[in-house]
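Positions annotated as Zn(2+) binding site by TrEMBL: GLU339. Residues annotated as domain 'Aminopeptidase N-like N-terminal' in TrEMBL: 24-212. Per TrEMBL, the feature domain 'Peptidase M1 membrane alanine aminopeptidase' maps to 247-460. According to TrEMBL, the domain 'ERAP1-like C-terminal' annotation covers 541-838. Sequence annotations record features per position, and here TrEMBL assigns signal peptide to 1-18. According to TrEMBL, the feature site 'Transition state stabilizer' maps to TYR392.
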Amino acid sequence: KMFSTAVLALALLREVHGQQDIVKPIHYNVTLDPDFSMGLFSGSVTIDFLVQANTTNITVHADSIQIVTEKVGIVNSSGHNLKIPSIDRDEKNGVYVIQTEDTLTVGNLFNLTIKDYTGNLRHQDKMGFCLNSYIDRNGKERKMAIARFKPQGARRAFPCFDEPHQKAKFCINIIRPSTHQAISNQPLQNTRYLGGGRFLDEFQESLNMSTYSVAFVITDYKSSMSHGRHRIFADLNMANENVNLRLEEGADLLSKLEDNIGVKYPLSKIDSIALPDHEVIRGEVNGWGLLSCKNSSLAYNLSDPELQTNALEMSQSYAEQWFGNLISPLTWNYTWLNEGLLYYYGYMGASLIGWDAMDRYVLDFTQHALALESSGEATLNSMSNGTGLQNYKAGAIIRMLQHFVTVDVFQKAIRLFLQTNAFEAVSPLDLYNAVQRIIDIENCHDLIGDHSVNTIMASWETQAGYPIVNVTRNYSSSSLTVTQARFSSNLNGSSVVDNLWYIPLSYTAETYSDKQFCTTKTDVWMSQRNMTIDGVPSNGWIVFNKQQTGLYRVNYDSENWRRITGCLREHNISEIDTLNRAQLVDDVFSLAQAGQLSFDVAFNLSTYISREHAFAPIASFLNNVMALYNKLSPENGHEQLRTYLGDMLNGEAISCLSDEENVNDTLSEKLNRVQILNAMCIIGNEKCESYVFKKFQLWNRNPEKHRIPPNVEPATLCGGIRFGSQSEWDSLFAKYKTSTDDRRKKLYLNALGCANSNSTVKGFLQEILKFRDIDSKDKVDAFKSLVQSSLDVTFIFDFVTANFDNVIDTFPDALPEILKTLAKKLSTNQHLEQMERLKNRFPRWTSTAFEEPLQIVKGNVEFNERFGKSIKNWFSGYLASRKSGSCVNEFSVTLKVLLVGWVFVGINKYWI
């Protein structure tokens with residue numbers, strides 16, 4: 001069922017209590033006075049607003065704020081004070097309703113003044129005006145106050161009309177002690193001394209923006225470094241020469257984004273504030289002109305994966321200056337549009353400054369969205385989703401749109417979209433109209449067939465899930481049949497057939513002289529349940545969804561799967577594009593887990609990985625096979641899977657990489673070395689031991705003399721612990737306790753989780769449950785690293801069960817996360833019964849915490865009951881051929897498609 005985007009927009013333009021917008025804010029003047037010692041703040045605000053419908057009440061958002069009602073006033077444009085009979089507080093909805101005796105008439109300007117209110121700087125969810133602390137290099141605690149307003153935190157700092165479309169201009173004023181400085185969206189305009197060691201900082205008026213774009217920080221950082229419009233504020237003791245690198249990258253990035261987007265950044269400055277890593281979540285301090293970054297991003301000797309991640313995070317924050325601040329969503333339900341655009345341009349921006357990231361985008365967004373929504377019910381317009389599914393799906397759909405309309409049309413449409421809607425709020429329809437307008441101007445309607453952009457995109461925006469495209473070839477008539485249905489991983493249910501998408505089908509064939517994998521324009525638009533495509537070759541393989549640009553999975557008839565597998569295992573693998581090899585691996589394993597394909601097909605195809613050398617296909621392989629490794633029970637081939645995985649990773653990719661990095665290594669080669677060695681060490685493969693253990697021992701004796709290359713440091717430390725003794729573990733734990741560097745402490749904790757002996761694992765668990773040695777902020781990460789790296793999760797589960805009172809005390813707010821991490825590796829009926837008994841022991845406090853973990857364990861048990869025997873049989877054949885030295889082909893079972901029922905399967909797509 002499809003609904004008009006415009007109709008949805010009208011339906012969603014509602015405020016609290018179902019009111020339409022009756023006022024439009026024009027200007028705010030906000031003054032805030034934080035008290036660090038008490039964890040409180042006081043403030044005042046004046047709001048100029050325009051009345052858009054006659055009313056006798058004004059509703060303002062004010063969550064966790066106490067307003068002194070006697071100091072509230074409304075003045076009309078003539079300076080006349082209006083009488084206010086009552087002010088009612090609605091704590092549930094976080095609003096105050098201000099009643100007026102006289103009617104506020106449409107078209108008139110008024111001024112609302114709230115001279116005195118107070119609020120709390122301490123918020124458990126870290127949203128609003130928040131008190132933060134950090135530990136400096138001298139071990140002293142320092143305090144700062146930060147505005148974390150996205151999405152609905154502004155209402156915790158000042159009374160406001162806290163909806164994304166209600167944009168206004170802001171004057172921000174901050175009272176601070178002499179030991180601190182204040183930073184905000186705009187440059188400082190004036191500072192006044194108030195006496196008593198306190199100052200009032202007044203900032204320039206902002207451009208028209210949403211409340212969530214307001215940003216300010218009050219910090220005792222003494223260090224700020226600048227490069228043109230760019231400044232970084234950081235702890236003087238932690239700032240180093242990498243700050244200059246980030247400033248230079250930032251300047252280059254902003255310039256390249258301006259050129260690519262075609263709209264200039266409108267502010268005179270762009271500041272970054274460095275915060276402790278555990279305090280930074282992308283977007284939380286991401287106002288217009290003031291961003292946050294992690295302390296670790298400014299550290300020395302970062303690895304290439306870290307540098308690429310830092311570039312991506314910076315680029316996404318910069319992209320948000322356009323897609324989130326210059327334009328805002330018309331309603332909260334449309335935040336997906338801004339998120340999708342800023343993620344897409346974030347990855348594009350990182351690539352523009354040398355960190356090739358668009359291949360990774362397919363893994364991080366398209367494949368991630370496909371995994372998360374394989375059994376979900378969320379649409380893009382669902383406002384909240386704990387998994388962040390909407391953001392991943394949005395990013396994938398924006399990329400799909402760019403590919404089927406071409407880069408040239410998309411870039412022109414984005415420029416038109418921004419120029420037309422700058423400083424305003426937008427709906428998806430505004431973007432679709434811009435794309436349609438460019439298509440009309442360029443007269444390239446062939447790109448979208450007989451459809452409109454809005455019709456095509458509405459099918460993806462308003463429906464949950466995504467399609468599976470089934471391709472069945474007729475080898476005697478040179479034709480094929482294509483059908484679409486909603487994909488589901490629910491093995492016990494029936495396929496959902498009511499959904500229909502407008503699918504941009506692209507394909508190529510082995511016999512084409514020019515396979516044109518890089519040409520991703522649509523070959524055929526599919527809007528019906530099934531269709532026939534004539535004139536396709538009968539010989540060789542056919543591959544659909546070039547470069548996995550479309551958000552759909554593809555299944556083939558058994559013969560086509562056999563031909564694809566044969567090409568990958570026996571011919572030149574580069575005949576099929578890198579991203580399509582990654583797609584084939586992801587699709588074949590996902591289809592097998594959904595019961596739509598035999599695991600024989602999946603494992604047979606996957607054996608080509610021993611010939612693979614590119615990052616994306618190996619990453620896709622590891623995401624899928626490590627998920628199987630986690631859920632496969634011991635009796636169904638868990639140990640054999642470790643052998644098979646080691647064989648695959650010991651192939652061409654690792655053999656063509658030298659033990660030591662060299663200056664000629666490409667980024668893909670460096671990332672490959674990292675992911676392969678990390679996996680080897682996680683599963684305890686001997687390649688890890690031979691590569692890293694000697695390096696670890698030398699480093700452990702003298703870290704300064706025997707530095708480990710940053711790219712392989714995580715694997716080296718993990719391998720050193722995996723193959724070392726208790727003394728190696730104790731030595732690394734001592735380094736953790738004495739380190740003051742958040743990044744290194746996290747690195748050490750992750751490695752400590754690679755402990756191999758149960759006695760060491762028990763000691764680590766006991767340390768985690770103590771209220772000393774391991775920082776409270778690190779305890780969740782420590783437990784997760786131990787579980788994810790464990791070779792004996794049953795031992796950990798038994799310990800948790802026996803010490804669950806202490807577990808509750810240690811993780812009062814993270815218990816669901818802790819149990820979910822465990823559940824992903826629990827796979828037997830004994831595990832399920834043990835978790836159910838544990839839940840029954842603690843019904844009052846923790847019953848809700850067990851709901852999702854129990855579902856995951858049930859899914860793992862059902863998975864093993866359904867597929868365990870066939871997987872074990874495949875491994876038996878593989879190991880027999882391995883022992884005899886025969887080719888894998890000789891034991892391959894005939895490829896076959898299984899049409900079976902459905903059952904819930906919990907899939908952890910990303911394994912670390």
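Glycine is treated like the rest: Cβ placed from N, Cα and C.
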Please compute the mean pLDDT of the model over the domain 'ERAP1-like C-terminal' (541-838). 92
Let's check the environment of the residue listed as 'Zn(2+) binding site': how many other CB atoms sit within 10 Å of its CB? 25
What is the separation, in Å, between the Cα atoms of GLU339 (Zn(2+) binding site) and TYR392 (site 'Transition state stabilizer')? 9
Does anything in the same chain, at least 6 positions from TYR392 (site 'Transition state stabilizer'), have a Cβ under 8 Å from its Cβ, and if so what? ASP364, PHE365, HIS368, ALA369, LEU372
